[in-house]
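A short worksheet on the structure shown next.
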């Protein structure tokens, strides 16, 4: 079957490998990207970006200083925003993200969080009047915003963020204050130099009573001079391990006042007299984080896909060693060790992409339900997005590093693209939630579920429904070459059940040994993380992968089996 990427003058080894394709590359690409029309639009956007001279870098960014990269990114952002009409701006997580990635590469930029978090938070947290006022300003880029949640002293533990917003009933204002050094807002992209607004999660204080974390939209800089406003200290935090073109920043408030209506009030309200109306569900405040995690899985999976593409293409053209004297050196792709090293990550790319689609679809469903006050699926989305974020970013970081190593010394060069992919992707292991904490959140859900099952009071989320089954499960897995994917799912779920129930019993035994619940939890935390990885996340990924793969073509199922076997000995992880 002819490969649609073959061009005259291509490397003969690459061409031969492509001619050997047993499936339609175009059809698979359309499936991955959401259909023929979306694939066609991606090609149109690619051609458009390539035709725009002001999108091009004067020299490769790797040869620029950090200052030059930030300034070059700012130049391209201006050019990009002038041409945003070319894309569907109602689909910023689709066309918009693709457009930005083509123009800006893998470097974050001043508008990254404006589109990824600032606008989605307005859409998700503002009431109707606030939405009518703030959303047009943000979409038209009349204001440029970021999302400033993380503090110097607290990141993932958001309930203990220290920044306060104290309501002053006399003036109908909130007074934002940074009470300590550790309360300094830290890390926010675009905060250092670019943004003039920010969404600030802060502890709401009314008459001395802390009502918990709420979202506020805050002006930081003068819209004419771009200088920080009185009561605001803001700046750049300096160089980082990667993403050098992003101006990550810090922010300190000194009794800074904002109007009462600058608190987002879709789910909770503060009336002019100071009366507080609580939300029906406190987790409704955290919709932005769930949104980012839901799209983050796909974005990270594409980084692994890029790395494994580079590694496989390199392995096809790189020749090393002789099997028979006098013959051409061997393509390193033909060595079993090279295949074993990189092909599992090809499988993982598909697994993660399919799981990402499932989670994004669930997010859209939950968003629709939330608009009608229905929170039934919110917990399931939170668990899946948190756990997937942790597992996927870890596995992708490992996978990209293996792809780099598989390219020998060339993989260490920026010319390969792999160092940039790695430094970009590995940041995902930390931002939007520290991975260990994410897994422990999943574990808490699992332990609660098992407790309910054993007390016959369980109302299980769909993602954990398999925990009720399999008490007399008998595996039909015998010969892996003939196994059905349903058998793979059944066996994998049984392994997960065993791991989760064992961990629950271990935790209970620790408490029976006169340990406090917190002490027992800490002692069992390694086992709890293992249960989370196997129990919810990998089981979910396997199921979504198998059912999706059967609708495409047979060869992916072979990768599915390869992926399962690659997991080492799951029960001993």
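Glycine is no exception: its Cβ is also placed from the backbone N, Cα and C atoms.
Feature annotation from TrEMBL assigns active site, proton acceptor to 432. For 150, 189, the entry in TrEMBL reads FAD binding site. Annotation comment: TrEMBL describes 25-144 as domain 'Acyl-coenzyme A oxidase N-terminal'. The feature domain 'Acyl-CoA oxidase/dehydrogenase middle' is assigned by TrEMBL to 147-255. The domain 'Acyl-CoA oxidase C-alpha1' annotation in TrEMBL covers 286-447. What TrEMBL records for 539-566 is transmembrane segment.
With helix defined as DSSP H, G or I and strand as E or B, the domain 'Acyl-coenzyme A oxidase N-terminal' (25-144) counts 89 helix, 0 strand, 31 coil. Across the residues of the domain 'Acyl-CoA oxidase/dehydrogenase middle' (147-255), the predicted structure has a mean pLDDT of 95. Take the CB of residue 150 (FAD binding site) and look out to 10 A: across all protein chains shown you find 21 other CB atoms. A gap of 12 Å separates the Cα atoms of residue 189 (FAD binding site) and residue 432 (active site, proton acceptor). Across the structure, residue 150 (FAD binding site) and the residue listed as 'active site, proton acceptor' are spaced 9 Å apart at their Cα atoms. Of all Cβ atoms in the protein chains displayed, 25 besides its own lie within 10 Å of the Cβ of the residue listed as 'active site, proton acceptor'. Around residue 189 (FAD binding site), taking its Cβ as the centre, 25 other Cβ atoms fall within 10 Å, counting all chains. Each residue in the domain 'Acyl-CoA oxidase/dehydrogenase middle' (147-255) gets a DSSP state, and the totals come to 6 helix, 49 strand, 54 coil.
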